[in-house]
Amino acid sequence: MKNCERFANLALAGLTLAPLVVRVNPNLNVILTACITVYVGCFRSVKDTPPTETMSKEHAMRFPLVGSAMLLSLFLLFKFLSKDLVNAVLTAYFFVLGIVALSATLLPAIRRFLPNPWNDNLIVWRFPYFKSLEVEFTKSQVVAGIPGTFFCAWYAWKKHWLANNILGLSFCIQGIEMLSLGSFKTGAILLAGLFFYDIFWVFFTPVMVSVAKSFDAPIKLLFPTGDALRPYSMLGLGDIVIPGIFVALALRFDVSRRRQPQYFTSAFIGYAVGVILTIVVMNWFQAAQPALLYIVPAVIGFLASHCIWNGDIKPLLAFDESKTEEATTDESKTSEEVNKAHDE
């Protein structure tokens with residue numbers, strides 16, 4: 001891990017814990033936390049092998065519709081069912097997800113302090129009555145699961161803002177690390193769709209704000225304000241993950257060309273500008289704002305402007321990680337065939 005990545009991880013940990021001991025300006029906290037989380041997730045997304053699955057254009061076009069259906073369903077559940085019952089079910093669901101996400105987030109750091117057999121040797125566990133079902137894991141994954149279980153139990157018991165944020169940040173980092181848009185065309189379709197999705201549900205209906213306030217699960221980050229009337233500022237995880245996977249794609253584009261992360265820098269600066277604009281407008285109007293309204297144009301605008309300036313629009317639009325994956329697979333098959341022929 002490079003020094004800047006290590007510093008970013010430490011900065012994110014310190015910023016998350018800081019409100020426990022000192023009063024941190026919530027606006028500054030939102031901006032720094034969002035930006036550092038995207039930075040960490042982006043560099044974790046750079047792998048030696050291309051992603052096994054990428055989002056298609058059809059999936060990107062359907063995403064806002066599926067998101068709208070889920071949002072409206074949650075709104076109706078909270079409206080017609082007991083809020084405590086709905087949150088109890090959601091807490092159980094996120095308990096399992098939280099253990100998996102936090103364990104995966106901590107695993108790279110934990111592996112460095114464990115012996116190699118703990119990291120490499122797989123343990124296969126079969127379900128007692130379903131022999132066909134099996135789970136593979138290593139001892140290091142079990143060790144990483146211990147703090148994951150602790151924080152999930154703490155959140156389920158106390159619903160403390162720190163436990164909420166630790167789980168939320170884990171979801172964000174894993175989302176940016178694991179999700180691949182495949183191409184910038186798909187990314188533009190997704191961001192454009194969610195741009196209008198965010199505007200509609202925040203400005204034209206009470207649904208988004210109502211669900212965010214009622215949904216007692218780590219789908220948003222909470223930043224203590226010290227104000228009894230409004231104890232927390234909130235930032236939805238989607239406002240980090242959705243632009244984050246686009247910024248991560250820009251970083252992997254730079255890496256694929258074996259160049260300095262110039263387009264990543266442009267997209268990342270665009271994200272930071274978008275978050276700052278969101279905070280400024282929110283404080284100016286004293287009302288909830290659809291963050292993607294400001295983040296999406298900033299990210300795409302900064303990246304596109306830089307590409308146009310350098311004359312790199314064509315290679316940017318031609319970049320496709322799914323094709324990279326196919327090429328890598330073909331190369332590995334060819335290599336295997338050559339080795340077999342050599343052995344014969």
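Backbone N, Cα and C define each Cβ position, glycine as well.
As the structure is a computational prediction, the values presented were derived from the model and not from experiment.
Different topological domain names are assigned in Swiss-Prot to THR54 and LEU85, which places them on opposite sides of the membrane. Under a cutoff of 8 A between CB atoms, and with a sequence separation of 6+ in the same chain, the neighbours of ASP198 (active site) are MET208, PRO290, ALA291, LEU292, LEU293. Using a cut-off of 8 Å between Cβ atoms, the transmembrane segment (231-251) and the transmembrane segment (12-32) share at least three residue pairs, counting only pairs 6 or more apart in sequence. As a quick check, the transmembrane segment (189-209) and the transmembrane segment (63-83) clear the bar of 3 or more Cβ pairs under 8 A, pairs 6 or more apart, so the two touch.
Each of 63-83, 90-110, 161-181, 291-311 was scored by its Cβ pairs under 8 Å to the transmembrane segment (12-32), and the highest score goes to 161-181. Tertiary proximity for the transmembrane segment (161-181) is limited to same-chain residues at least six positions away from its ends with a CB under 8 Å from its CB atoms, namely 12, 16-17, 20, 33, 37-38, 40-42, 44-45, 51, 53-55, 60, 94, 97-98, 101-102, 104-105, 151-152, 154-155, 187, 190, 218-222, 224, 232, 237, 240-241, 244-246, 248-249, 321. Taken through DSSP, the topological domain 'Lumenal' (1-11) splits into 9 helix, 0 strand, 2 coil.
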